[in-house]
Amino acid sequence: MAAVQAPGEKINILAGETAKVGDPQKNEWPEQDRLPERSWRHKCASYVLALRPWSFSASLTPVALGSALAYRSQGVLDPRLLLGCAVAVLAVHGAGNLVNTYYDFSKGIDHKKSDDRTLVDRILEPQDVVRFGVFLYTLGCVCAACLYYLSALKLEHLALIYFGGLSGSFLYTGGIGFKYVALGDLVILITFGPLAVMFAYAVQVGSLAIFPLIYAIPLALSTEAILHSNNTRDMESDREAGIVTLAILIGPTFSYVLYNTLLFVPYLIFTILATHCSISLALPLLTIPMAFSLERQFRSQAFNKLPQRTAKLNLLLGLFYVFGIILAPAGSLPRL
């Protein structure tokens, strides 16, 4: 996303706010440009939209998958642990989205034509985003503490997985800023794939295992497709802003190839599982028409709402995958 500034404005890198040249504060909206006070309902709606809730499939489906694997392998499913795990992962995911909003604005990357205009349009102010992000990270830590109290999982194992995910969500754009040096795809692939599935599985059964990481692969690829479609859409504006993403490195043609790979390899995996293990794993194949629709949209370079539509596919694919695992006969799937 390109850094487009109106004449007479500059970006305050440290504070992440826009200030008029000559404004002595340079860290607050000019008094005459401040928005009028809004109702608490309108502000609550603004906070919800700032979280980008359409992307939450990337965190909810891994939690559901990890819990389903725990149920099928060990016969355990504690609703309290499922709820606590879901809230913890959602809180970290939402906070990570806010960190991304804050740093993209601070670095002058977001602009009036950006998909996320929470700060550009002054829907919220930077300090609002910071406070909300701190609240969500705190909520996630409280949930993690509750999970330790309720689960038999060792503290060091729970802390390793949880704070690994928390660090990934922050460092994606904060601190090191993996997103800006073409490593964001790797962070998302790990955090919202194997790590989240392992977290949900481990808190249920009280121990770690390798096989949930294998079962997480189809979901991880589908989740990465969301990010890659977003980065491909923003390729030109990101290049102008001076940041580097994987989409920029490989170019439009190979970005199209990669998107199709991320989109369709999960179906190949499900076909193999349905053929050799259980027919219930063919359920995710019901979403293939949606995948072909997304492929056509990407090929025609109609990127508007493509990440949101890819997230919808990710949600449906994940739910059918979870149902397929639950419905599979005992012993038909490896390790289940």
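Cβ from N, Cα, C; glycine included.
Annotation source Swiss-Prot lists N-acetylalanine at A2.
Swiss-Prot lists 81-101 (among others) with the feature transmembrane segment, giving sequence analysis as the kind of evidence. Sequence-distant contacts of the transmembrane segment (81-101) (same chain, six or more residues past either end, CB-CB distance under 8 Å): 50-52, 55-56, 58-60, 62-63, 66-67, 110, 116, 118-119, 129-130, 132-133, 136-137, 139-140, 143-144, 146-147, 150-151, 162, 165-166, 168-170, 172-174, 179, 192, 196, 199-200, 203-204.
With a cut-off of 8 Å between Cβ atoms, the residues of this chain six or more beyond the transmembrane segment (132-152) that come close are 47, 50, 78, 80-81, 84-85, 87-89, 91-92, 94-95, 98-99, 102, 124, 158-159, 162, 166, 170, 202-204, 206-207. The transmembrane segment annotation in Swiss-Prot covers 132-152 (among others), and the record cites sequence analysis as its basis.
Using a Cβ-Cβ cut-off under 8 Å and counting only residues 6 or more beyond its ends in the same chain, the transmembrane segment (158-178) has close neighbours at 88-89, 92-93, 95-96, 99-100, 102-104, 137, 140-141, 144, 147-148, 151, 184, 186-188, 190-191, 195-196, 198-199, 202-203. Taken from Swiss-Prot, the feature transmembrane segment applies to 158-178 (among others), supported by sequence analysis.
Annotation comment: Swiss-Prot describes 186-206 (among others) as transmembrane segment.
Look at Swiss-Prot and you will find 207-227 (among others) tagged as transmembrane segment. Note on the transmembrane segment (207-227): residues 55, 58, 61-62, 65-66, 69, 73, 152-153, 157, 184-185, 188-190, 192-194, 196-198, 201, 259, 261-263, 265-266, 269-270, 284, 307, 310-311, 313-314, 317-318, 321, 325, 334-335 of its chain, located 6 or more positions outside it, place their CB under 8 angstroms from a CB of the stretch.
Among the features that Swiss-Prot reports, transmembrane segment is placed at 243-265 (among others).
The transmembrane segment feature in Swiss-Prot is assigned to 275-295 (among others); the stated evidence is sequence analysis.
Summarising the annotation, Swiss-Prot assigns transmembrane segment to 313-333 (among others) and lists sequence analysis as the type of evidence.
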